[in-house]
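Straight from TrEMBL, the features:
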DOMAIN    B:8-166  domain 'Ribophorin II N-terminal'
DOMAIN    B:175-281  domain 'Ribophorin II second'
DOMAIN    B:289-412  domain 'Ribophorin II third'
DOMAIN    B:445-545  domain 'Ribophorin II C-terminal'
TRANSMEM  B:456-478  transmembrane segment
TRANSMEM  B:490-512  transmembrane segment
TRANSMEM  B:518-535  transmembrane segment
């Protein structure tokens, strides 16, 4: 009896121990795609009305944890460790989050490198608007304003106020929106926002057309609205310097099953698309925001003299050197070589002395060779790579550069021949003189 | 304790049906809900639905044994349940769950549908009529119809099962009025069509639909119409042949009423009173008399005036300075001839650097006009002179031909900015240029110092060697001779070695210059120097003794 008990206990311990490695398979620098995502909803009916979006995420391997926004058991952090890798806020009208989450908590979550999808809507609460404002996106001051476009709306038999917009002004980026072009326009119904022109981290993914404006459809306009034209952004993304990615959308309906499945006909065009571009747009954007695409890492930064193979500790001016670096891109489950023709290296001391584009061997290895400048000091090899939609790469390696030693200069100079001639003729003259003077009578 | 018995055909004799009934009844709560079991103290609406279905099953199996007073108490419970129904703003009603059990939320869809199933089964089983409030049944029907796309197969089952129960049950059947199109175009002469069906789309009993009132949005008054719609049996729609006379383009709310022709049907069907439907009447708006002009500010005389054709693109070129005004005017008329006020009428001026200014074009009764007085706008324009593109956008919900037209450009000449004027806001940098690769930098090496040409150096070498040659010439001129060379062997050898030593030291110097370093040179020099000293001493002492002998002799 005791033996059996012992056996069962040991089996149990063994099982528990074998689970330990699984606990470490989550977000880590070697495996950048997020795994566990917290979804906060206003209303549980969103779980079924947006089910196509959620099931597509679960199908790609994400662990979604649905909670009501004012659920008191919400916690993203416990004992200093984050419990989730990503956050989806589909709760535009929530004034306060439940549990231990608040505006500071959401911003800390993003600051620590985690991703966020935020959907606002008409009459969004101040909490949601301030989260967006901290991320660099300014929603319209009037909360009841919707984006109206009288020349870009979607033709419909049952909706007469032109607030359901068929937008097709996408950002040109294969990383963010995928390599297949989105043919059908994307249906959008909600508020618009604008980006501060000085913000270099935010980007408009879907902009409104030039005749769009944000106003309350029921009221007359006496002053021009603050958001008009192509400055109105419908969906924006922000990529922070620590590579956290944020999507901010002015419409919750953009993600809903109803708009995924609707047919679209933009006013003024006679072609009716059977299915709107929403599903493709949202799927590609979610792949980008959860780091399944566009996440780069650079390893093996090497330099050496042209003749040698190991890294010297110091270079001399006018030396010829070779430089190489390997760049990989995360493709959802493994690292694949990244191929591009615009990676550049700088040889930098206070300002770049040499800036060269690296040539690639199409397998992720980038190399080049150049001559060390004739300024001496402590230089850095710098690779700073920032492209639209990709994570930013910033690597540097320090190397000193010394001037010529005394014996590395030119040995014999033609200009000095008169001086050589003077010395030697002096020596010869002395020899002849010593003979002649001693034996002359 | 929950027994689901679906076998209504089989004549099952349930002993103790009364006891089972009472035990189920014991689980009911005062607000009409039921508990799942005696162990679980929380109540659930979903459980209420299941309990009602079970009771209905019990009654159908063993109706004779059930006490009718208990049936009456069940009816009271149902009434209490309906008192707790929740409403959305648009009239839809649903039952909500108040607690979370271990399985997560039981969402309103499944809770409401289980209640509907329970009530329908109960009503069918007891064959008594339940006086349920008609508007709540209508609200429940609206709720189930409002679930547009169910999220899972389970949700779809709940929705369709509940609608089917509502559709053909002994509880009152709601009739739904729907319009396939609420946006009608006057220009295309669309007709207003109305459909009346039961919840799952089956046809309604004979009835007539009347358009009772028309409210125009924005104003409180309503015109009373009371016009009956014609029934088209082929398509099963009711059609309004012609719109009432004074309806122009705009946003309206039409109020319909269904009246059943058979009085018997009034008990079975719920019509829902007056149904209000928002309707948009759209049409093509004519734009006439569009013109743009530059006026002199004080006098008001016209400097330059151009007519515009707003159905196509225009490209006018105007010149203005800060003392003048710009005037744009046009007229808008609806298809029935009245003046029209669109929701959006913007004039946008865009500077070549990207700074934009937007103005709302106001209307003065008959026509739309905007006058831009540049004198007052100089500060707003940040004192930027140059080419401004003009764009006019006019649009409205009921305007089928909303347009955005570029009208041309105006060259504005504004005075220079004073020092304290505001700077124009920074413009959005094109993100594609921000992210592109930077220009390559190739280090320009310091060019080596300029050296004189080779020939010049060689020429100077020649000049330097000239004195040497001159020295030789001088020696010859002085008729030097080597008569004093010692004849005898020993002094001659020493003299020879002496001069050899001097030559070797000079050679050592030359070698040191070529490749030796100082250490080896000094070593060799030391050796040679000692040798040279010995040899030189012998030679020079011999020479000195020879000359002393000569002097003394």
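Placement of Cβ uses the backbone N, Cα and C atoms for every residue, glycine included.
In TrEMBL, annotation is done automatically, which means it is predicted and not curated.
For the domain 'Ribophorin II second' (B:175-281), the DSSP counts in helix, strand and coil order read 4 helix, 60 strand, 43 coil. Long-range neighbours of the transmembrane segment (B:456-478) within the same chain, counting only residues 6 or more positions beyond its ends whose Cβ lies under 8 Å from a Cβ of the stretch, are absent. Remark: secondary structure over the domain 'Ribophorin II C-terminal' (B:445-545) totals 78 helix, 0 strand, 23 coil, with classes taken from DSSP.
Shown for the domain 'Ribophorin II third' (B:289-412): DSSP residue counts in helix, strand and coil, namely 4 helix, 76 strand, 44 coil. Looking at the domain 'Ribophorin II C-terminal' (B:445-545) alone, the prediction's average pLDDT is 89.
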